[in-house]
Amino acid sequence: MSDRDKLVVEVIGAHNLMPKDGEGSSSAYVEVEFENKKLRTGSKQKDLNPVWNDRLVFDLPDPAGLPYRSIDVSVFNDRKSAAGGGGRNFLGRVRISGSTVASGKDDVCAVQMYSLEKRSLFSHVRGEITLKIYLSTEEGRVVVDGESKPQKQQKQKPIQNQQQQSQNSKKQQKPQEQQQKQVQRTVQQDPIPSDVKPVVITAASSGGPPPEMYPHGGFGFVGGGGADFALKETKPLIGGSAPIRDKMSSTYDLVEQMQYLYVRVVKARDLPMGDSVQAEVKLGNYRGITKRGVEWDQVFAFSKDTIQSSTVEVFVRERDKDDFIGRVAFDLGEVPRRVPPDSTLAPQWYRMEDKKGEKAKGEVMASVWFGTQADEAFSEAWHSKAAGVQPDGLGSIKSKVYLSPKLWYLRITVFEAQDIVVPAAGGGRYPELFVKAQLGGQALRTRGLSAPLWNEDLMFVVSEPFDDYLSVTIEDRVAPGRDDVLGRVALPIAAIERRMDDKPVVSRWFGLGEPKAARFGTGRVHLRLCLDGGYHVLDESTAYSSDVRPTEKKLWRPHVGVLEMGILGATNLMPTKPFKDGKGGGTADPYCVAKYGNKWVRTRTVVNSASPRWNEQYTWEVADPCTVITIGVFDNCRVDGGGGGERDARIGKVRIRLSTLESDKVYTHAYPLLVLQPSGVKKMGELHLAVRFTCTSVASVLQLYGRPLLPKIHYVEPLTVRQVEMLRYQATNAVAARLGRAEPPLGREVVEYMLDHGAHAWSMRRSKANFFRLVSVLSGILAFGRWVESVRSWHRPVRSVVTVSAFLLFDLCPELILPSVFLATAMVGLWRYRGRPRYPPHMDTRLSYAESVYVDELDEEFDTFPTSRGPEVVRMRYDRLRSVAGRIQTVVGDLATQGERMQALLSWRDPRATFLFVVFCFVLAAGFYTVPMRAVVGVWGVYAMRPPRFQNRMPSPMLSFFRRLPTRADSLL
């Protein structure tokens, strides 16, 4: 045995401790006990996330017996140090088995995080502590009773008394505060890199999840470090300040004007070589080549900032030959300028010249002009900045507008079946009959019964055109995994009746054809089939849907506004793929996708650029302002003409709620592009947008706030939560399949990311975010309770006297209560108008709980479903836990949403809603002042208890208004 064997417990820090000093904080210190000896750190004043970085060293006379011993680590609140009193409060403890202690130098040992445990059943504990425990034979510095001394001069002794502890802690208070600030600066300047992979170490005695090893000592969680995640206001050179009357004449007034030289090569004639020719357009070092033949009709666009020549030349040459047949040169000083809505410049025939400048045989039809990105030929033109793109990849870099397919809900009501012949089975088995309906890749079935009486609804999502057939079969479960088909009928979708309201359609009996694999009789089945056009087919999350109109166009209301968006560009994008030449660094080929309603837009791909400039403007008609537009940025992986197996990488996305925008105001901001990765949240760049929402009729917009958010049939025949999620999954697949067949295709990964596919899966991070949203909402009620308690305590006599006098006044004159309340509420709303939000909401990492998320939580969030992290038993339990917790997460989020809508009444986040509410409060103030209170209470009681015959199943205007208010769900990642 060596006398120099030491057990070192390095206390790094703690996180999210329980406040115990009565002021919302704690002055925490750590006490470690080993072999009846106690050592402690200093106290950190008023800090729920203290940082110590203190080493406590214990003598270890018998290292072989360490696995059979334990280390007790306790965290206390120093009341004497914090408030000048005495004693301490228990904040939590951890008991660590000696078998988990590593041996070796401290730079190779693991930093472990432990959840604090209760001391008794009635203890209130929360938080985590980060420790580093190892064996060492080196001399170092230890901390005893809060004093830091060299190890060779320090004797291991128990804590003497609380008075001595307080004196020592006061002596070291200022140096410790300086050390804490220095450590915090170090942590902020040195965040955990994304390429560091924590190593999981099993702690047998911790009782919780296994701790992680973090080489940088980041307290076990990863975050954004010092990255700037804020929204920035920009001032681009756009024409957004033009009057409203000029909007129709200035189509591209929300983007910066980009000048291009357009060359249209139409065709050639009278050539000596026949049809085996192609045209080449050359401007300086840039050249574009047409397809083979004599009729091309192709447009080439050269950016003005890349023009390095005074002439543009059009060559006609044989394929794969250097010599040209003839050429036509255009002097750029003579090229006209075209600005829409001017008509298209007509192409003309030009006689070609040979190498000597003499007239050659043949003519070329072409036209050359200067224009901007507002030109009609811009979207289909070949761009000079895409000169390095392979011909197979040119189609994937063009801008395009897509339309989602028109989706319908197909409702199948299965009543019963008759004359079904079931084969006889031995062993006294009862038949287990069920109906299975299949449409394309969708399949649903009823429950299995011994008698063919089901009365169940099966719902599918179908898209126009209706070319598919619905297959309905009656089957018998004869054994696990084995079903016998007893009858089948195929029905064309186009022949199914459509309905626009809740009136039931006529049911019918359908004869079952004899299946090929059976020798028995068939029968008939009683079904009711209809295509529900009154529903809105949800393909997005209901929290940030971009369209709430029903499927049937006859039920649409006129649009109430126009949304215009200028996608200016992006800056500082992170590279997503390496350079082709294999050199260091990387590159990106970004493009942008925006989705609102059934209209998807895709900008062109800017090749090999970390700061692309798109400057493309798009317009949407708005039927409801309480909707959200989603904009995403992706990296094009098909530029090199790759196969369909490549997936475009996500760079980030932005959501903007239209009701938070003021009418006729241009918002120009740089939105941070945030992506959650297994290593934590990461800023991928900034997206520059210019947004304007224009109301065609303010009265129509304000009237919408009193109408139901969804169509009528959603409330008359509501769908269950399970049906909504299942149908949303089917709708996402239908949209992805249709857009994936377009040219250029919009990949499934892009559609799923834009529609938040899988957003309702279990996530500990989202659960914490929703919980703290709820806590933030309830904090107002708690603050009011504390205010009432402070009035009762008479700590401030003047305030208490005024409050009691006001209470007596309202008690004597109860008719003044409601007018005063609504008047005060309206005045508060007007007062807050000065400080109203003047910018759209954006992704909030703090609200999303993404800055302090733990690595194991991210590993769980990015885990597959079902899990792949352990044996079969663990997998089953893990999936069950995630399924149950996902429902709890949704409930908590809904509660937080309702509370945030209450806060939004006077926040001016939605200026129209706040305006309506303030006016409503003034009206109520006047009404309650003129009408006696007893009459109001009587009328309200009679109205609330009216018979069901006089009740309306539709939500009231006040409830509909409340459901339209914005929430902070738009800002969640």
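Cβ from N, Cα, C; glycine included.
Unlike curated entries, TrEMBL annotations are predicted automatically.
Marked as domain 'C2' by TrEMBL: 1-111 (among others). Across the domain 'C2' (1-111), mean pLDDT in this model comes to 81.
Taken from TrEMBL, the feature region 'Disordered' covers 144-196.
What TrEMBL records for 151-189 is compositional bias 'Low complexity'.
Feature annotation from TrEMBL assigns domain 'C2' to 391-510 (among others).
TrEMBL lists 544-671 (among others) with the feature domain 'C2'.
Annotation source TrEMBL lists transmembrane segment at 808-831 (among others).
Counting only same-chain residues 6+ beyond the ends of the transmembrane segment (915-943), those with a CB under 8 A from a CB of the stretch are 702, 705, 814-819, 822-823, 825-826, 829-830, 905-906, 961. The annotation transmembrane segment is assigned in TrEMBL to 915-943 (among others).
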Positions whose Cβ lies under 8 angstroms from the transmembrane segment (808-831), at least six residues beyond its ends: 905-906, 908, 914, 917-918, 921-922, 924-926, 928-929, 932-933, 936
DSSP-derived helix, strand and coil totals, residue by residue, for the domain 'C2' (1-111): 17 helix, 52 strand, 42 coil
Helix, strand and coil counts within the domain 'C2' (544-671) (DSSP): 7 helix, 58 strand, 63 coil
